[in-house]
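A.B. asks: Below are the structure tokens for one structure; questions will follow.
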């Protein structure tokens, strides 16, 4: 059997040289920080100390019994659920409309662009924008609703009737609703584009056969489009879940930077930041929290993959 020629060996060598910068960058800026974070999670590093000792699984024992960590998981799940379900439902509805040639909708491209534009904005700037909109007591939303007489009134010292404003960010349901809405507003356009791509990728012959068999639009959508979009929806579910686990800027900047009121908006990443970089700067316990978030994400992804795999019809051999 002939070995590689001199030219092939030289080309192979150049291939390794071209890949080397990527490998060095990956090791320095991704692999090593991950390894170092895991190492820190087994230590007692905190505050301004540079030295630390390995203390085994003490941080993980503390994490398992930490009620604030489990509350942060619950807060994250609530905000993510009320964002993702409407996001997927509305995006799917519009995707079906935009890909239906029989409707003859005008300006589809403009509408798709309008839906996608919020995705181009930074989460931090959007959080500050909505904090200004719902500001207390003289934000635009409060001023508008107060003018319409939505809020209660009180009598001032001089007998003047004063309209009371509403502090949105002192109400847990309203703050959760605002955070969920912002997340929905930011990411619905991206979900819409991916669903449209998934629908366009379905073979037209399948729909033509369904039309010949007498299937109406609703039946074609329910029995053909949605089942064939399952891989795309699985991808959206997993990526949205990972994004939900990493939800930070909106709840952090929209509230008091600690997930108020009553810490009911404190997501997992906000709790991680508060622990590691605020207060006592407990870097070791913060590292344990980040590893815990990673493990939970992997477990949920495996569960979702397993559930979707079980529902797929088995091929007949």
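In case you wondered, yes, glycine gets a Cβ from its N, Cα and C as well.
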A.B. asks: State the residue range annotated as transmembrane segment by TrEMBL; the candidates are 77-98, 143-164.
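C.D. replies: Per TrEMBL, the stretch marked transmembrane segment is 77-98.
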A.B. asks: With TrEMBL as the source, which of 40-63, 184-207 is set down as transmembrane segment?
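C.D. replies: My reading of TrEMBL: the transmembrane segment range is 184-207.
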A.B. asks: Between 16-39, 256-279, which stretch does TrEMBL give the note transmembrane segment?
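C.D. replies: Going through 16-39, 256-279 one by one, TrEMBL gives transmembrane segment for 16-39.
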A.B. asks: Is the transmembrane segment (184-207) packed against any residues at least 6 beyond its ends, judged by a Cβ distance under 8 Å, and which are they?
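C.D. replies: Long-range Cβ neighbours of the transmembrane segment (184-207): 83, 86-88, 90-92, 94-96, 98-99, 112, 115-119, 121, 123, 126, 220, 224-225, 228-229, 231-233, 235-236, 240, 243.
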A.B. asks: For the transmembrane segment (228-248), which partner among 16-39, 110-130, 283-305 gives the most CB pairs under 8 Å?
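C.D. replies: Out of the listed stretches, 283-305 contacts the transmembrane segment (228-248) most.
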A.B. asks: Within the same chain, where does the transmembrane segment (283-305) have neighbours whose Cβ lies under 8 angstroms from its own Cβ atoms, ignoring anything closer than 6 residues to its ends? I mean 6 or more beyond.
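C.D. replies: 37-38, 40-46, 52, 55, 59-60, 62-63, 69, 73, 234, 237-238, 241-242, 245, 268-269, 271-273, 275-277.
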